[in-house]
Amino acid sequence: MSTPNIAFIGAGNMASSIVGGLIESGHPASAIRAADPYPDSLSKLRRIAPVETFEDNAAAVKGADVVILAVKPQLMTEALTSISAAVKEADALIISIAAGVTIDSMAKYLGEQTAIVRCMPNTPALLSCGASALFASQQVSATQRQYAEDILAAVGIVSWVDNEAALDAITALSGSGPAYFFLFMEAMIDSGCKLGLDRDTATAMAQQTALGAARMALESEADLATLRQQVTSPGGTTQAAVESFERDGLRDIIERAMQAAAIRAKELAGDTE
Ligand SMILES: NC(=O)C1=CN([C@@H]2O[C@H](COP(=O)(O)OP(=O)(O)OC[C@H]3O[C@@H](n4cnc5c(N)ncnc54)[C@H](O)[C@@H]3O)[C@@H](O)[C@H]2O)C=CC1
Ligand SMILES: O=C(O)[C@@H]1CCC=N1
């Protein structure tokens with residue numbers, strides 16, 4: 001399969017993460033371009049890779065095989081309006097990474113025949129450690145499906161979901177998920193400092209512990225509860241901490257937070273219609 005020309009509409013954090021991962025995986029910078037009304041965003045992106053940049057969205061879409069919409073959901077209507085005619089002419093696959101924004105709401109601007117993939121990636125894409133879920137509209141051809149899968153597979157694991165609504169749950173889990181782990185680590189580092197450690201030591205130990213735990217979760221044959229029990233000596237320190245978490249309702253806290261994220265994803269869909 002030939003290398004697709006990819007145009008990013010919006011050159012912020014997520015576009016930069018995906019461009020970084022694509023370059024790392026061997027996608028030529030000459031087959032990537034990006035448009036953004038803010039020159040600062042474009043110059044930051046050019047520091048990652050020498051991609052062609054535009055301040056005019058429609059100009060970037062011209063000749064593209066794949067257009068990746070990487071603007072905030074609240075700005076999607078404006079972005080869709082700006083590329084509508086160029087997309088119809090280019091017959092390109094559209095991949096939207098915006099939280100919440102539905103295929104139907106995008107098709108209103110891009111035409112009912114436009115092939116659209118909705119995707120929910122996450123920021124570890126920058127390190128090619130991302131987790132992306134994808135859902136394709138009926139108009140997406142087998143080749144276009146493969147384009148979408150190859151682009152996101154270049155920056156991490158890819159999972160197709162069989163209904164669009166599942167993407168709101170994915171957004172609450174893995175889209176927003178890196179922030180939950182960072183918050184947990186921040187709190188662990190602050191608590192380590194309160195227990196008398198200097199911040200550099202606390203940070204290094206928390207970072208390596210997160211990395212080690214994630215690798216064990218991925219690579220071990222044992223399930224998560226078993227891995228947890230292996231750390232938890234009866235009557236020991238971990239038991240004291242885990243019982244404190246359970247008493248304070250950590251699982252409910254996480255459930256409520258993820259429900260809030262999924263509800264917000266649905267609300268964002270409403271904002272774009
Ligand atoms: N940040 C994250 O962890 C994740 C974000 N997303 C989704 O990715 C999308 C982008 O998010 P971020 O990269 O974090 O936002 P960001 O704010 O870093 O980037 C958005 C970029 O769009 C540009 N922009 C604004 N209006 C535009 C227009 N009319 N045309 C072209 N570009 C325009 C902005 O100048 C900015 O550079 C959002 O829809 C978000 O829901 C999805 C998964 C994870
Ligand atoms: O916070 C957000 O709305 C976006 C979507 C998932 C991660 N960041």
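Going from the start of the chain as shown, residues are counted 1 onward.
From the backbone N, Cα and C atoms, a Cβ is placed for every residue, glycine too.
Feature annotation from TrEMBL assigns NADP(+) binding site to ILE9, GLY10, ALA11, GLY12, ASN13, MET14, ALA70, VAL71, LYS72, PRO73. Within the same chain, the residues at least 6 positions away from LYS72 (NADP(+) binding site) whose Cβ sits under 8 Å from its Cβ are GLY10, ALA98, listed in sequence order. DSSP classifies LYS72 (NADP(+) binding site) as coil under the three-state reduction.
In the three-state DSSP reading, ASN57 (NADPH binding site) counts as helix. Proximity of ASN57 (NADPH binding site) to non-local residues of its own chain (separation of 6 or more, Cβ distance below 8 Å) is seen for ILE9, ALA35, ALA79, SER82, ILE83, ALA86, given in sequence order. Per TrEMBL, NADPH binding site is recorded for ASN57.
Per TrEMBL, the feature domain 'Pyrroline-5-carboxylate reductase catalytic N-terminal' maps to 6-100.
The feature domain 'Pyrroline-5-carboxylate reductase dimerisation' is assigned by TrEMBL to 164-268.
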For the domain 'Pyrroline-5-carboxylate reductase dimerisation' (164-268), the number of residues DSSP places in helix, strand and coil: 87 helix, 0 strand, 18 coil
Cβ neighbours of ALA11 (NADP(+) binding site) where a neighbour is any other Cβ within 10 Å: 30
Chain-internal residues, separated by at least six, CB under 8 A from ALA70 (NADP(+) binding site): PHE8, ILE9, GLY10, ALA11, GLY12, MET14, ALA15, ILE18, ILE97, ALA98
Residues that sit under 8 angstroms from ASN13 (NADP(+) binding site) by C-beta distance, when 6+ apart in the chain: THR123
DSSP-derived structure type at ALA11 (NADP(+) binding site), helix or strand or else coil: coil
